Amino acid sequence: MQFSCDPDQEGDELPQYEHIYQNDFSYRKHKKQKEEDISICECKFDFGDPDSACGERCLNVITNTECTPGYCPCGVYCKNQKFQKCEYAKTKLIKCEGRGWGLVALEEIKAGQFIMEYCGEVISWKEAKKRAQTYETHGVKDAYIISLNASEAIDATKKGSLARFINHSCRPNCETRKWNVLGEVRVGIFAKESISPRTELAYDYNFEWYGGAKVRCLCGAVACSGFLGAKSRGFQEDTYVWEDGDDRYSVDKIPVYDSAEDELTSEPSKNGESNTNEEKEKDISTENHLESTALNIQQQSDSTPTPMEEDVVTETVKTETSEDMKLLSQNSQEDSSPKTAIVSRVHGNISKIKSESLPKKRGRPFSGGKTKNVAQKHVDIANVVQLLATKEAQDEVLKYEEVKKEAAVRLSSLYDEIRPAIEEHERDSQDSVATSVAEKWIQASCNKLKAEFDLYSSVIKNIASTPIKPQDTKTKVAEAGNEDHIKLLEAK
């Protein structure tokens, strides 16, 4: 996306700030990375393949973690230390018409490429709120405070990098990402798409409006929201007036469903059942008829329902008391306004549902109109072992069962170790849990899945290849008297 900026226009009156190349910690000391928390990748550098040195397939790159110098197997050839080495893309600070200063690319930037770090003063959220109020009181228009984690923020107003000049856009070509660098969480600017030279860089501020002046957005995008934070709930509640009948709050457009009966849109089944979309269309087409004949519905509710009423699909049913039913009946008879039509329609639907038997729960429909039968019980290993004739087969299944139990116990104990950090840091737990503990959790989860796979594979293999233990005479006689009992077939 091209913006209205001239890279050849240098401009003047650069805002006063201190340029820094890494975050400044004033209220606390820099975290010292513990050796047990260092994440070591498994990359091996190949001189014939330059991308082998911690490229896109590096485990640390995948988890947004930079390699620690001295611990990476690729050594000095490691390419996953861009934050530490300040390997930024070439950019230029320019003056944008009507939008202050901005940053443009001076080279071709690939999608996903690291552009630069957003640096500033790392402060607590309490201090960030104080500074925001101070900036507003003194009329500071350009405040650069962004969220770092649940307890800290980055303020680039007085100290910062060139990333502080990147403007907002409703259709951005960049985005912010959090990376773990030597034990600290740092924010980087990355390209969302390929960016050509002389193109302005922009990312979505995700501004949340809580009151005060409304700042008009000047990004110029086709789908521009008009104001910063226009999509936030507070902005919409303060700006727009919701009138009766506004389709943005229409109940018909709100998907109400029971989680136990979560139905997906599918093709009509072979037995003639219509899909969810067809039922909703019938519901909408029927409402117009119900509104025009609201008083008639009140009288017909106790009698046999008409074909038109049978097409109405009620998604949620609430049990009403007899007093509520009488109140609805009185309201529908006293007033013939549009409001009465709505009340009468609801009353008619409730009376109709009360007089009829409730529909049975249907299974979740799948493609082709077939219903998937989900198993409700786990495999009973004890019963499986009794069916196996050889001692070797029984011992093998029991061995894998014991391994599965040990893996489950190990995973449960690790969760008890991680849980305090999750409860303390809530949504930012991924930034606070030690890397070594996270690696143990992943390893324990994989071991549990492998143990389950080995167990069930052993069961299937032994049942298919091992003769079934013959049943005694008493069991056969008991089965002969029960026609519905499942009988085992023995291979001869």
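Cβ atoms are placed via backbone N, Cα and C, with glycine included.
Under the heading compositional bias 'Polar residues', Swiss-Prot lists 266-275 (among others).
Taken from Swiss-Prot, the feature compositional bias 'Basic and acidic residues' covers 277-290 (among others).
Taken from Swiss-Prot, the feature compositional bias 'Polar residues' covers 291-306 (among others).
Look at Swiss-Prot and you will find 317-326 (among others) tagged as compositional bias 'Basic and acidic residues'.
According to Swiss-Prot, the feature compositional bias 'Polar residues' maps to 328-339 (among others).
DSSP labels the residues of the domain 'AWS' (36-87) in these numbers: 16 helix, 3 strand, 33 coil. Annotation source Swiss-Prot lists domain 'AWS' at 36-87.
The domain 'SET' feature in Swiss-Prot is assigned to 84-206; the stated evidence is sequence analysis.
Among the features that Swiss-Prot reports, domain 'Post-SET' is placed at 213-229. According to DSSP, the domain 'Post-SET' (213-229) comprises 0 helix, 2 strand, 15 coil.
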Item to check | Contact set, same chain, for the domain 'Post-SET' (213-229): CB under 8 Å, 6 or more residues outside the stretch | outcome: 1, 3-4, 98-99, 167-171, 202, 205, 207, 235, 239
